[in-house]
Amino acid sequence: MATRLFTSESVTEGHPDKIADQISDSILDAMIKDDPKSRVAVETLITTGQVHVAGEVTTKTYVDIASVVRERILEIGYDSSKKGFDGASCGVSVSIGAQSPDIAQGVDTAHETRVEGSADDEFDRQGAGDQGLMFGFACDETPELMPLPIALAHRLARRLSAVRKEGQIGYLRPDGKTQVTIEYVDGKPARLDTVVVSSQHAADIDLDTLLAPDIAEYVVEPELALLEIATEGRRLLVNPTGRFEIGGPMGDAGLTGRKIIVDTYGGYARHGGGAFSGKDPSKVDRSAAYAMRWVAKNVVAAGLASRCEVQVAYAIGKAQPVGLFVETFGTGTVPDIQIQDAVTSVFDLRPAAIIRDLDLLRPVYAQTAAYGHFGRPELDFTWESTARAEALQRAVKG
């Protein structure tokens, strides 16, 4: 019997890096709402009393970026200097230029059209916005087909934020983190080993007599009651530093794209390195990573494997992927190459086809920017659909 421990973490919407992600995606949404063909690459830096927005944008619409920034920060809960940041009074600087024409030409007119003369198929006309490799993953550990450690970490982080906003624990502040360690036996989750919850709080809050009991009662225990694995003997660590009064952008500077493992699978699967937030779907860092989750989830939903990881790779300016790789870690019901061939026949992985099939030219991105882009049953994300599972089953049978 092989016993191992695996750990994943999540952060709340008030974590400085997540504030930056949400600002970048809120700006993206505002542009796509009025001009779905907007090309957007927006980065955000947030620090004590200041927000800096920079990047490259080509759009037909106008967005009051400073207003978008302030509204998002206030929605998160930073509305007073007593909390370390005030969205109403912070400084906002904006430095936005146009998308490079050298990049635009490869996206607007793909290699297949410019060089290979393939102009008949409209999906051959749009090239990938960059080179790169993207991974998607799914497994049968949870109903949403996500690894249990990251799924539980996200649930705890969402509940930590909810009890603050609903006033159940009114002295909490927006910044917070969760971490979950699961004991695996023979590759299957068997027992909850450790939960760590760190939350920013008001001054003069006693950790032992108030904060720790409240976190246990209102945040941790309701989620553990839903678990289908053993929880006896677990450890709960609340604010292990002893105090967390200074948080958010006052405690640490935040940057777009610094929580890519939280955004995906909690380290349980590989990552191509590209961040998501602030990028329109012509950037395959985002759209192809969503597509790979879609593919992997359908493979598992089809019963072809209990774990599936899919890699795709692109060359900038080229529509067709330059590589596809399927790995089921020995859990496949048929050979991996057979699943790979089925994926190729069922899914069109050219960027324009992904954008069409997943309906990505919509303002849906700000809601992805906290608590994970995948395995969100409370949200109706197109890349979480398993409607192609039956088509994969048929394709495998030939």
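Residue positions begin at 1 at the first shown residue.
Glycine is treated like the rest: Cβ placed from N, Cα and C.
Residues annotated as ATP binding site in Swiss-Prot, with sequence analysis given as evidence: His15, Asp175, Gly176, Lys177, Arg243, Phe244, Asp252, Arg258, Lys259, Ala275, Lys279. Within its own chain, Gly176 (ATP binding site) has Val11, Thr12, Gly14, His15, Ala157, Leu160, Ser161, Val197, Ser198, Ser199, Gln200, Gly247 as residues 6 or more apart in sequence whose C-beta sits under 8 angstroms from its own.
Feature annotation from Swiss-Prot assigns Mg(2+) binding site to Asp17; the stated evidence is sequence analysis. Residue environment of Asp17 (Mg(2+) binding site) contains 21 other Cβ atoms, counted within 10 Å of its Cβ in all protein chains.
The Cβ of Glu43 (K(+) binding site) has 20 neighbouring Cβ atoms from other residues within 10 Å, across all protein chains displayed. Secondary structure from DSSP puts Glu43 (K(+) binding site) in a beta strand. For Glu43, the entry in Swiss-Prot reads K(+) binding site, with the evidence type sequence analysis.
Residues annotated as L-methionine binding site in Swiss-Prot: Glu56, Gln99, Asp252, Lys283. Gln99 (L-methionine binding site) counts 20 other C-beta atoms within 10 Å of its own C-beta, drawing on all protein chains shown.
If you look up Swiss-Prot, you'll see 99-109 marked as region 'Flexible loop'.
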Quick tally, other C-beta within 10 angstroms, Arg243, Lys283; top of the binding-site residues is Lys283
Using DSSP, would you call Asp17 (Mg(2+) binding site) helix, strand or coil?
helix
Could you tell me the maximum Cα-Cα distance in Å between the residues recorded as binding L-methionine, namely Glu56, Gln99, Asp252, Lys283, rounded to a whole number?
30
Should Asp252 (ATP binding site) be counted as helix, strand, or coil on the basis of DSSP?
coil
10 Å Cβ neighbour count around His15 (ATP binding site)?
29
What are the non-local neighbours of Asp252 (ATP binding site), defined as same-chain residues 6+ apart in sequence with CB under 8 A from its CB?
Pro16
Excluding its own, the Cβ atoms lying within 10 Å of the Cβ of Lys279 (ATP binding site) add up to 27
